[in-house]
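S.K.: I grabbed these lines from TrEMBL:
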type	residues	note
TRANSMEM	A:19-38	transmembrane segment
TRANSMEM	A:67-87	transmembrane segment
TRANSMEM	A:99-119	transmembrane segment
TRANSMEM	A:126-144	transmembrane segment
TRANSMEM	A:156-177	transmembrane segment
TRANSMEM	A:198-224	transmembrane segment
TRANSMEM	A:244-275	transmembrane segment
TRANSMEM	A:314-332	transmembrane segment
Amino acid sequence: MTDYACQRTPESRALVPPLPVAVFFALAAAMASLLWGAGPVGPLEAWQVLTGSGGDEARFVVMELRLPRMATAMATGLALAVAGALLQALTRNPLAEPGLLGVSGGSAFAVTLAILLGASSATMTTLVAQAGALAGCSLVMLATRSRGLAADPVRLVLAGATVTGLLLSLTSVMMLADQRAADEIRFWITGSIAGTSLADLVAVLPSMALAGVLVVIVASPLAALSLGERAAMGLGHRPGRIRALVVVSVALLVGGATALAGPLVFAGLVVPFIARALAGPDIRKTLRLCLPIGPGMILVADTLARVIGAPAELPLGVITAMLGAPVLLIIVRSGRIPTL
Amino acid sequence: MSQPHALPANDHSEQPGLAVQALSLAHGRHPVIDALDLELPPGKVTAIVGPNGCGKSTLLNGLARVHAPAGGAVLLDGRDIHTLPSREVARQLALLPQDNTAPEGLTVTDLIRFGRQPHQGFLRRWTEQDQAILDQALAAADLDDLADRPLDTLSGGQRQRAWIAMSIAQQTPLLLLDEPTSALDLGHQIEVFELIRQLAGQGKTIAMVVHDLVSACRYADHLVAMADGQILARGAPSDILDPALIHHLYGVHCDILQDPADGTPVLVNLRKSL
């Protein structure tokens, strides 16, 4: 292990810088999401639309359906990736993921409750989703405070799975109560960004921007916190304030993403995992890499969701779970879960 | 047995000093230190010694403002340390805690860079000056060849020197270390203590909690002996160390000789009962 670690650093320095590659990957994925879809408009026609020609129907599909969907996918992917990386750094647990820990579950539960009570406006849904995420996130932080859970990554995930399971069954019970709401919720609860409009996205953007500002402020102190609570204090930071800022950022991000796409599991696990493998242990570098990889990943997943079963569509949540579950298994089975 | 300690009159008098006045510290409701007064002699190495649970680490954490006082005050340059912005304190006072951790794969250079954080503004980037200070810190701790090595691949002594190098990069006149050599073997202990002496030689005021009394005598100018949250004795090791103090601190009997090489006190013939 020692020899391996010794060799790793010079090797990873010799490789192509990961950030430009990741940006290229995100741009390619964005292009693909415009070119391919479940409908009859093929890549060639879509390309014609993008270069200024093409028929009216193709124009409508690409500009009115696929473009907003691309933007939504990017925002969702970015939010979940950054939130996952933040949660993992804060809990020092590589398995901490908004979907697995019940943060998304809390968010979805809150939204279901709101829909059942008659809410429909996108702004309202965002706020409710963020409030639910904040509750879920606070629960996670309470759990990590209790001894044992913090030290054992797998037990934290078990606790999170329990909370998620409970919230999902409560959500199901609520759906039984109202058939009309149930159809609306059932589509959303598996995770999907089909049919989202730019208005939905616009409703989420202000809070995402606020989260972005908070993340910029908290990134360096959070990195210092990885040296230990007292070491961070010695460097002039306040751990309590760092935690509060991170929790609020995660709630804003996950709530926003959940409002847009439903509770997506695993997206916040896979992307930080890859980013960390490329960037090393510094959370600031990991976050920077999450910015392109997160959107790229969700774009790929959403494009696959449209293409695999065309002309029908798979829910996005199914694809992220299929991509994410193997990564979770790899981390858990690696025998030694790295400490962050 | 306790001697009043006089501040040595030397060139360091203009340095920011660290002192405590009537300081009380508690763990929850349990009082650990009650109304304690102490001043760190400037430009010297002070070792805080005492039996397990005597409150020496608590005192150090109190000095470093990471443990909030239940009463009294810690004075940095005459001002209450808890009224000063934490970042400003971090430019005057560096802390090497005992419970530090490093994420896997963090390199020596990565770690030392953190030492510049208190000097960096919100959006201020890494400057040439920061780089120069980082290089100096690497050289001072003799880590040039290990700069890009992950901490988890280093020996205990090398790792501890990397942490000290981080505090060097912090460029503070004051340095506090909590058991900097615990869990190190003899060779690594000496390597760390010699680095600490070297820093004191450059004018830093240093306080450290040391478990091993003999090392404390050898490497400290000033000894603070604590038991039960009280200071039993303070002064130069050769002045204050006698068999009665040892018995009071640790409940053991011993004879004290002088090291023929440098005159520091050495404990021999240690036994539980006479």
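Each residue, glycine too, has its Cβ placed from N, Cα and C.
Keep in mind that TrEMBL annotations are predicted by a computer and have not been checked by a curator.
What's the neighbourhood like for these features in this structure?
M.R.: Remote same-chain partners of the transmembrane segment (A:67-87), defined as residues 6 or more beyond its termini with a Cβ less than 8 Å from a stretch Cβ, comprise 26, 30, 33-34, 96-99, 101, 103, 137, 140, 193-194, 196-198, 200-201, 204-205, 208, 211, 215, 222, 246, 249-250, 253-254, 256-257, 260-261, 264, 267-269, 271-272, 275-276, 283, 286-287, 290-291, 293-299, 302.
Listed by sequence, the residues of this chain that lie at least six past the ends of the transmembrane segment (A:126-144) yet keep a Cβ under 8 A from its Cβ atoms are 87, 90-91, 93, 96, 98, 101-111, 113-114, 119, 150, 156, 159-160, 163, 167, 203-204, 207, 243, 247-248, 250-252, 254-256, 258-259.
Only residues 6 or more beyond the boundaries of the transmembrane segment (A:156-177), in the same chain, are considered here, and those with a CB under 8 A from a CB of the stretch are 91, 93, 95-96, 99-102, 104-106, 108-109, 112-113, 116, 136, 139-140, 143-144, 149-150, 185-186, 189.
Counting residues 6+ beyond its ends, the transmembrane segment (A:198-224) has Cβ neighbours under 8 Å at 68, 71-72, 75, 78-79, 82, 86, 89-90, 121-123, 125-126, 130, 231-232, 235, 237-238, 241-242, 245-246, 248-249, 252-253, 255-256, 259-260, 282-284, 287 in the same chain.
Note on the transmembrane segment (A:244-275): residues 72-73, 75-77, 79-90, 94-95, 97-100, 103-105, 107-108, 111, 122, 125-134, 136-138, 141, 188-193, 196, 200-201, 203-204, 207-208, 210-211, 214-215, 217-218, 222, 286-287, 289-290, 293-294, 297-298, 301, 316-317, 320-321, 323-325, 327-328, 331 of its chain, located 6 or more positions outside it, place their CB under 8 angstroms from a CB of the stretch.
Among residues of the same chain six or more beyond the transmembrane segment (A:314-332), those with a C-beta under 8 A of the stretch's C-beta atoms are 94-95, 100, 154, 190-194, 261-267, 269-270, 273, 297-298, 301-302, 304-305, 308.
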S.K.: Mind checking which residues reach the transmembrane segment (A:99-119)? Cβ under 8 Å, same chain, six or more beyond either end.
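M.R.: Residues 80, 83, 87, 125, 128-137, 139-140, 156-157, 160-161, 163-164, 167-168, 170-171, 174-175, 177-178, 181, 184-185, 188-189, 250-251, 254-255, 257-259, 262-269, 328.
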